[in-house]
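Q: There's a structure below that I have some questions on.
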Amino acid sequence: MVSWKSFISTAPSLDVPGLETVDLADREMERRIVRKQDLRILPWICITYLLNYLDRVNLGNARTLNNDTPEDNIITQLNLTGQRYNVAVALFFVPYVLMEFPSNILLKYFSPSRWISRIMVSWGIITICTAAVSTYGGLLTVRLLLGLAEAGFFPGIMMYLCFWYKPEERATRMAIFASSIAVAGAFGGLLATAISFLNGKAGLSGWRWLFILEGIPAVLVGVMVWFWLPDYPQTAAWLTPHERAFAVKRLGPYAPSMSDKHWDAAIAKKTLADPFFWVFAAQYFLMANSLNAFGYFAPTIVASLGFEGHDAQLLTVPPNVFAMIVIIGNCLHSDRTKERSRHVIGACAFVATGYLLLAVVRHWGVRYAALCMIACTNAAVLPFVAHRTATVQGSTATALATGGMIAISNTGGITAPFLFPSYQSPMYSMGNWTIFAFLTVTALTTIYTWYVFGSHSGYRTGGRDDKGNLEVLDATAGTDPNEVMNRAMGISKKMEGEEV
C-alpha cells in the first residue's frame with residue numbers, strides 16, 4: 001500500500017475553514033453539493049464545447065456548402081484543389097499541439113474562468129475573420145491563428161473537472177461535456193443547411209456567412225464565461241462555508257487543488273519521465289485519428305454516398321444524435337460500475353467495426369450505418385481520459401498528464417486528413433483500414449494498462465505490494481474516508497510545526 005508520507009505534498013488546503021469537522025459519510029450533503037456543481041458548471045462547459053467544435057470543424061461543412069452551385073463553393077473560390085484542403089485542415093493542429101503543453105499551467109496561473117474566456121474570445125474573432133479570406137494563403141494563415149487560439153481548451157476542461165469531481169464521477173461529466181460534440185455535429189448540419197440559403201446575401205457566399213455566424217457566439221459566450229464560470233470549490237460563493245469545506249475534502253488528498261503550486265519542476269520531470277505518460281499519449285493519438293476523421297470528413301463521406309446540397313448537410317445529423325446516446329450511456333455505466341478498461345475496449349471494437357464496414361461494403365445504407373458507428377469514438381475516449389486522470393496526483397502532474405497527452409494525440413489532426421485523399425472516394429480504403437488498425441492496437445494496449453493499473457475508476461499507481469496487489473491511492477477504498485483525510489491533514493500540520 002502507498003505510504004502515508006505521500007499525503008504530505010498533496011493534502012488538501014488547510015485554509016478552508018471547517019475541513020476538520022466535515023463528515024464525509026454524509027451522503028445527502030454530498031449529493032446536494034454535486035447537484036449544485038452540476039447546475040453551475042455543466043451548462044457552461046457544454047455550451048463552450050459546442051461552440052468550440054462548431055468553429056473547429058466548420059471548414060468541413062464549408063467544403064460541402066452550396067456544392068450544388070460550384071461557383072459559390074469554398075473549394076472553387078479559394079482553389080482548394082488536390083491536397084490543399086487537407087493541408088488547411090492539418091495546419092490548424094501545428095500550433096494547437098505546441099501550445100497545449102503550457103496551456104494547462106497557464107489555466108492554473110490565471111484561473112480557469114479567465115483562461116477559458118481568453119481562448120473563446122480569441123477563436124471567435126479569428127473565425128469571423130475567416131469570412132474575409134480571398135486566397136489559399138489567407139486561409140492557411142487564419143487556420144494557423146485559429147489553432148493557436150484554441151490550443152488548450154479541451155485539456156483545460158478535462159483538468160478543470162478534476163478540481164470539482166472525484167475520479168468515479170468524471171466520466172459521466174466528461175460524457176455530458178463531450179455530448180456537445182454530437183449536438184454540435186447535428187446542429188452544425190442543420191445550421192449549415194439554413195445558412196446555405198444566405199448564399200449571395202449582402203454579396204457574401206454561403207461559406208462566408210457560415211464563419212461569421214459561428215464566430216460571433218463564441219465571442220459573446222467567452223465574455224460571459226469570464227464573469228460566471230466558477231473557478232474552484234474554495235471560491236464558490238453559491239456554496240455555504242460548510243459546503244465549501246465538504247466539497248474540498250470529499251475530493252481526497254490526491255486531487256489537483258486551488259492551493260497547489262502552479263508549477264513543480266520535480267513533479268513535472270517525474271511525470272514526463274514515466275513511460276506510461278507516453279503509453280497513454282500513444283493510445284490517445286490512435287483514437288484521435290478516428291475523432292478527426294469523423295469530424296472533418298463526415299460531410300464528405302455522406303456526399304460520397306450520392307447526396308448533395310441540403311440533403312448532404314441534413315444527413316450528418318442522425319449519426320451525431322446516435323453518438324450522443326451511445327457516449328453518454330457508456331460513460332454513465334462506466335461511472336456506475338466504477339470500471340474503465342472494459343468500457344474502452346468495447347467502444348473501440350464497436351467503432352472499429354464501423355471503419356471495417358466502410359472499407360469493404362459499398363451499399364449506401366450499410367455505409368451510412370457505419371458512419372453512425374464511427375461517430376461514437378468518444379465512447380472510448382472519455383472513460384480512457386477519466387482513467388488516466390486517476391493515475392496522477394496534484395495540479396502539475398494532472399496538467400501535464402492531460403495537456404501533454406492530448407497535445408501529442410492531436411498530432412492525429414495532422415495525419416488524419418491525409419488518410420482520406422479525395423482520389424480514393426468513395427471507399428477511402430487507406431483511411432478506413434488504417435484507423436481500423438489504430439483502434440485494434442488501442443484495444444490491445446488497454447488490456448496492458450488494465451493489468452498495470454487495474455480498471456477501477458479511483459486513484460491507482462502502477463506499483464504492487466508484496467502480495468502482488470495493486471497499490472491503492474483511493475482515500476475511500478477499504479478505509480474510513482474521514483480517518484484517512486484527518487490523518488493526512490495531521491501529518492501536514494506536523495510538517496508545518498503545528499500542534500495536532
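Note that Cβ sites are derived from N, Cα and C of the backbone, with glycine treated the same way.
Pasting the feature list from TrEMBL:
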type     : residues : note
DOMAIN   : 41-457   : domain 'Major facilitator superfamily (MFS) profile'
TRANSMEM : 87-107   : transmembrane segment
TRANSMEM : 119-138  : transmembrane segment
TRANSMEM : 144-163  : transmembrane segment
TRANSMEM : 175-197  : transmembrane segment
TRANSMEM : 209-229  : transmembrane segment
TRANSMEM : 276-297  : transmembrane segment
TRANSMEM : 312-332  : transmembrane segment
TRANSMEM : 344-362  : transmembrane segment
TRANSMEM : 368-386  : transmembrane segment
TRANSMEM : 398-420  : transmembrane segment
TRANSMEM : 432-453  : transmembrane segment
Q: Is it the case that the transmembrane segment (209-229) and the transmembrane segment (119-138) touch, counting contact as three or more CB pairs under 8 Å in which the residues of each pair are 6 or more positions apart?
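A: Per Cβ check, the transmembrane segment (209-229) touches the transmembrane segment (119-138).
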Q: With the transmembrane segment (398-420) as the reference, which stretch in 87-107, 175-197, 368-386 has the largest tally of C-beta pairs below 8 Å?
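A: Stretch with the highest Cβ contact count: 87-107.
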Q: With pairs closer than 6 in sequence left out, are the transmembrane segment (87-107) and the transmembrane segment (144-163) joined by 3 or more CB pairs under 8 Å?
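A: Yes, the stretches contact each other.
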Q: Quick test of the contact rule: Cβ under 8 Å, at least six residues beyond the ends. What residues does that give for the transmembrane segment (87-107)?
A: 56, 59-60, 80, 115-116, 136, 139-140, 143-148, 150-152, 155-156, 159-160, 262-263, 296, 396, 398-400, 402-404, 406-408, 410-411, 413-418
Q: Counting only residues 6+ away from its ends, which parts of the chain sit with a Cβ under 8 Å from the transmembrane segment (119-138)?
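A: Same-chain contacts beyond the ends: 48, 51-52, 55, 58, 77-80, 84, 88, 145-146, 149-153, 156, 204, 208-209, 211-212, 214-223, 225.
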